[in-house]
Each structure stands twice: as structure tokens, then as C-alpha cells.
């Protein structure tokens with residue numbers, strides 16, 4: 001890759017910073033574990049569903065002998081509350097009831113696999129349900145630690161500042177929603193595959209990025225939004241191929257490839273809806289069918305959210321929910337602040353969806369969003385030579401302007417290099433758009449307090465750093 005103002009991700013990564021992020025992530029998990037044990041010892045839990053464990057409806061397993069350490073098993077199971085009850089139950093008995101399909105299968109599948117393999121020898125000691133809970137805790141906490149590391153790497157690429165990336169990653173380790181990442185919730189796995197997928201996308205490992213972002217759609221329904229990153233990539237690559245390189249066939253191929261990648265990310269969620277339709281609707285008479293089975297587009301997930309949880313447009317706007325809106329106000333304010341800061345800093349980028357970026361930024365985006373590895377095939381040698389020459393010319397101009405202290409890109413002063421744009425650069429736009437969509441959805445449609453954990457699993461490098469600057 002040509003040298004110049006834009007360094008490669010490997011050049012910017014700092015091994016000592018990654019070590020600090022790893023230590024911060026592990027330390028934060030131990031702190032939360034101690035606090036959780038302390039509060040459960042001092043205070044009675046609000047949710048008392050932890051001890052409930054009826055027999056499975058489908059294939060009830062034969063009764064197991066009493067565990068050797070029942071008190072230890074009970075202590076582990078006491079943390080199985082709220083949504084954790086559903087995840088553990090699904091891992092134990094499968095999707096028994098209609099409302100269970102609101103919880104996607106990646107976390108229950110991981111819990112089941114670990115309980116049958118790594119932690120299977122502990123079943124006679126603490127009991128099977130405690131082993132399921134222990135498996136869930138391990139999966140979620142380990143996923144969180146890896147998420148923090150990938151978050152640092154992604155932040156380095158986006159912010160182009162290892163120190164700012166370190167700050168964002170440490171803030172992530174101690175964010176207000178951190179308890180959900182140590183509980184048996186799907187946030188940790190979703191965050192891992194979302195942040196990791198974005199990292200691989202910006203590292204030009206598109207096939208790995210597709211796999212990781214698709215897996216995020218198996219963890220949470222909003223994983224389908226991650227297809228937008230490939231849509232943004234394909235849009236800009238096709239524009240470059242058609243208008244700048246005058247290669248219509250290449251532009252068409254880029255659009256087709258981008259569409260296929262987006263479909264791959266949609267497949268997990270759609271296949272899970274089909275699985276629910278197969279179990280709940282097929283083979284039943286019209287009188288036995290649930291209302292959603294008869295819909296033109298039978299989306300089980302939407303029906304469950306509306307029917308069982310009261311999710312819908314403005315349905316949460318009730319006076320009694322005012323405390324929940326106040327609870328969500330800090331993270332909502334941070335999200336809105338991030339968006340306003342970016343829009344005010346780069347209004348032309350937002351209006352044009354990145355097509356009015358400066359020449360230097362377009363060159364950087366061509367490198368960041370390139371679908372090719374540094375090793376090039378014969379089919380792309382021409383475009384690589386073209387991009388290389390253009391990049392070298394722009395780098396030469398940038399170095400001249402930096403040395404002379406001139407303004408760059410419509411009056412912006414370059415402080416040392418274009419790396420200073422970092423958090424307001426054009427390729428941050430898809431992260432900002434996702435923040436806006438998620439914040440609006442949480443405020444107008446969902447239970448607004450969920451945003452405290454929902455917004456923390458996406459767009460961390462942009463939102464945390466820009467939020468601090470605000």
C-alpha cells in the first residue's frame with residue numbers, strides 16, 4: 001500500500017494498548033462479579049423466577065441424582081433472572097412456547113454446546129441447570145473480553161489515534177450497561193460479532209466480515225442492520241468504478257456482490273423466522289393457527305414483540321413510563337450529541353452520503369473499503385496502478401501543504417496530517433447513520449430503557465469519542 005498520510009491498521013495498532021484493554025476488560029468483569037455477589041447477598045432480588053425449573057414439555061429428561069454441592073448450584077442459578085431465564089430454558093428444553101421465539105438461538109446454542117462438552121463433568125457436582133447457567137456466564141464474559149479487543153482495533157482504524165481508541169475501549173469496559181455483558185444476555189455475543197465484523201470489513205477481509213456480521217443476526221434481530229455497511233461499501237465502490245474508472249461491468253459486479261453479501265447477513269434472521277413458522281403454523285388447522293400465521297408476511301418476531309412485550313410506535317409513551325425515559329436520557333443524549341457533532345462538522349458528507357468527500361478522503365476510503373487484499377491478482381493490476389498513482393499524487397500534495405501550513409479541503413487546517421480528521425472522516429458516516437436509526441427506534445418504538453444496553457453494542461468508537469468531545 002502506498003505510504004503517506006494514511007497508515008495501515010497494523011502500523012497503528014499498539015500491543016501495549018491492547019494489553020491494557022485486555023486487563024481492563026478482565027478487571028471490569030471481576031469487579032462486576034464481586035458487586036453482583038455483594039448486592040445479591042445484601043438485597044432480595046426483584047425478580048424471583050430464578051428457582052423455577054419445571055420439566056421440559058417435549059422430551060422430559062429422566063430425573064438426575066441430587067448434586068454433591070447443591071448450595072453452590074443454587075448460588076449460580078440465582079443469577080438466572082429476567083431474560084436469562086429464557087436463554088437457559090431454551091438451551092435446556094428448546095423453543096417450547098411462542099414467546100420464546102423472541103430470543104434468537106446463538107446464545108442458547110453456545111450454552112448447550114458448552115454444557116454438553118466443557119462443563120459436562122460438573123453436572124453431578126452442581127446440577128444440570130447450574131451447569132447451563134455457568135456455561136452462559138462463561139460464554140458472555142469471554143465474548144465481552146474479545147469484544148473489547150476488537151473494539152480497540154476497530155477504533156484505531158476509525159479514529160486513527162491509538163490513544164483515543166484506548167480511551168474508547170476502556171470506557172466500553174466500564175459503560176453503564178456493563179452488567180448486561182456479564183449476565184446471560186445476548187448483548188455480548190452480538191457485540192463481539194458486530195464489532196469484529198466491522199473490524200474485518202475495514203481490514204478488507206470481506207468474507208470473514210460477512211460471516212461475523214451474519215452471526216450477529218443469529219444473536220439479536222438488529223444484526224440485520226449490519227448489512228448496511230456492505231451496502232455503503234458497494235455504493236461507493238460502484239460509484240468509483242462507473243464514474244471515475246468508466247467500467248460499467250465492474251460497477252455492476254460490485255453491486256451484485258454487495259447485494260449477495262447483504263442477503264447473507266439477512267439469512268440467519270429470516271431462516272429463524274421460517275423455523276418458527278414451521279413449528280407454530282404448519283400442520284395446523286385454520287382455527288388452531290395463531291393470527292400471525294395467516295398474515296401476508298408471517299413475521300413471528302414482530303408479532304411476539306407487539307403481543308407479549310407491547311412494542312410498537314409510540315405505545316410506550318405513557319406517563320407511568322416517565323422514569324424509564326429519564327433512565328434512558330443519558331445514553332440518548334450521548335447518541336444525539338454524537339450525531340449533531342458529526343452533522344455540524346461535516347454537513348456536506350451527510351447530505352451527499354459521503355460522495356462529496358475531499359479527494360484525500362476518497363483516496364483513504366478507496367483503501368479502507370477496498371474488497372481486495374494487499375496481494376493483488378492480474379485482474380486488478382490496472383485499477384491498483386491507477387489508485388496507487390492517484391494516492392501518491394495526493395500524498396505529495398498533502399505533504400507540501402502540511403509543510404507550508406496551508407488550508408486543506410475547504411478551509412480545514414491540517415494539523416500534522418489528515419489523520420486528524422479521524423472521527424469526522426467520511427467513512428464514519430455509516431456508523432453515524434446506524435446510531436441515528438437505533439436511537440430513533442428505541443425512543444419511538446421500543447421500551448426506551450433498553451437503549452441503555454442496546455446502544456452500547458454498536459458504533460462504540462464513534463459515539464463514545466465524539467460524545468466526549470461534545
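For all residues, glycine too, the Cβ spot is worked out from N, Cα and C.
Please treat TrEMBL annotations as automatic predictions, because they have not gone through curation.
The model shown is predicted, which means the values in this text are computed figures rather than measured ones.
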Students should find that the transmembrane segment stretch in TrEMBL, chosen from 325-343, 344-362, 363-381, 382-400, is 325-343
TrEMBL feature transmembrane segment, matched against 126-152, 153-179, 288-314, maps to 126-152
Checking 79-99, 100-120 against TrEMBL, the stretch recorded as transmembrane segment is 100-120
Tertiary contacts of the transmembrane segment (249-270), defined by C-beta under 8 angstroms and 6+ residue spacing from its ends, are 104, 206, 210, 213-218, 221, 223-224, 226-227, 230-231, 233-235, 237-239, 241-242, 301, 371, 383
